[in-house]
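Peer 1: This is the feature table in Swiss-Prot:
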BINDING   His19, Ser36, Tyr107, Val108, Asn109, Ser124, His193, Pro194, Glu195, Thr210  iminosuccinate binding site
BINDING   Cys81, Cys168, Cys254  [4Fe-4S] cluster binding site
Amino acid sequence: MVDEILKLKKEKGYIILAHNYQIPELQDIADFVGDSLQLARKAMELSEKKILFLGVDFMAELVKILNPDKKVIVPDRSATCPMANRLTPEIIREYREKFPDAPVVLYVNSTSECKTLADVICTSANAVEVVKKLDSSVVIFGPDRNLGEYVAEKTGKKVITIPENGHCPVHQFNAESIDAVRKKYPDAKVIVHPECPKPVRDKADYVGSTGQMEKIPEKDPSRIFVIGTEIGMIHKLKKKFPDREFVPLEMAVCVNMKKNTLENTLHALQTESFEVILPKEVIEKAKKPILRMFELMG
């Protein structure tokens, strides 16, 4: 099946982009594997006009927004993000009225419709940097409460998080899990995602996005790393650092990320169906806060 996918991909002129949380078999056939920001940037650099995206809906839509002239297809239309779907345009409008001077900073894990109402988009890799650079001591931030709290800690700014309890179910680790792995692997370094709750972040050695997690073993010579994010990241790290050991903090699985399989990836290439289509107005409005993010990052 892998050979058939690679053959069809070449024949039809597709580039395959996969998120770090995809199953190992899909990471291995992808032309590029990365976090949402890395994938969006990669898509902008491509000369190819056809992209098969392996991730969840908001990520594929982000690629389409930044590459409106390219054909973007996905293997499973139902692969979505529960956290992104918790934030609605109505909630954003409500908080804009309450805090008219506060810029709206939306995490990339948000719907395209919500992005049209944002002042700037951020990722888990650059959220702190983006908020620091905004000329405001108060920001409205959504939809991840834990990332919002982390940004508040690091910037000293007032961060109003929306919706009330926005969070990623996959990253709800227990701080006790860190105590347990430290007993089992006393020399290990613990790296967790900023979407984790504060008690977990506070006990970790490092807090970082999946893109940042990849860079830590380049600087830290430790032999064992405990990883607090979705299980797919372990495969990416093991491939990049075969001489190190990577242990999951807990068996955290994103069922939506795992909806993509070799079977439906092959089917997507065969039929070229499930194309990502967005209204022109949404593309134009959502693109502005994304480009603002790139501007702020320099």
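Backbone N, Cα and C atoms are what each Cβ position is placed from, and that goes for glycine too.
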Peer 1: Quick check for the class: what is the C-alpha distance, in angstrom and rounded, between Cys168 ([4Fe-4S] cluster binding site) and His193 (iminosuccinate binding site)?
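Peer 2: So the Cα of His193 (iminosuccinate binding site) lies 11 Å away from that of Cys168 ([4Fe-4S] cluster binding site).
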Peer 1: Roughly how many Å separate the Cα of Asn109 (iminosuccinate binding site) from that of Cys254 ([4Fe-4S] cluster binding site), to the nearest whole number?
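Peer 2: The separation of the Cα atoms works out to 14 Å.
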Peer 1: Between Cys254 ([4Fe-4S] cluster binding site) and His193 (iminosuccinate binding site), how many Å separate their Cα atoms?
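Peer 2: Here the two Cα atoms are 14 Å apart.
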Peer 1: Quiz question: given the binding-site residues Cys81, Cys168, Cys254, which has the greatest number of C-beta atoms lying within 10 angstroms of its own C-beta?
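Peer 2: Within the set of binding-site residues, the most crowded position is Cys168.
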Peer 1: Could you name the residues, excluding Cys81, Cys168, Cys254, of the same chain that surround the [4Fe-4S] cluster site, i.e. Cβ within 8 Å of the Cβ centre of those residues, in sequence order?
Peer 2: Val56, Pro82, Met83, Ala84, Asn109, Pro169, Val170, His171, Glu230, Asn256, Met257
Peer 1: Validating a neighbour-count step here. Other CB atoms within 10 A of the CB of Tyr107 (iminosuccinate binding site): how many?
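Peer 2: That number is 27.
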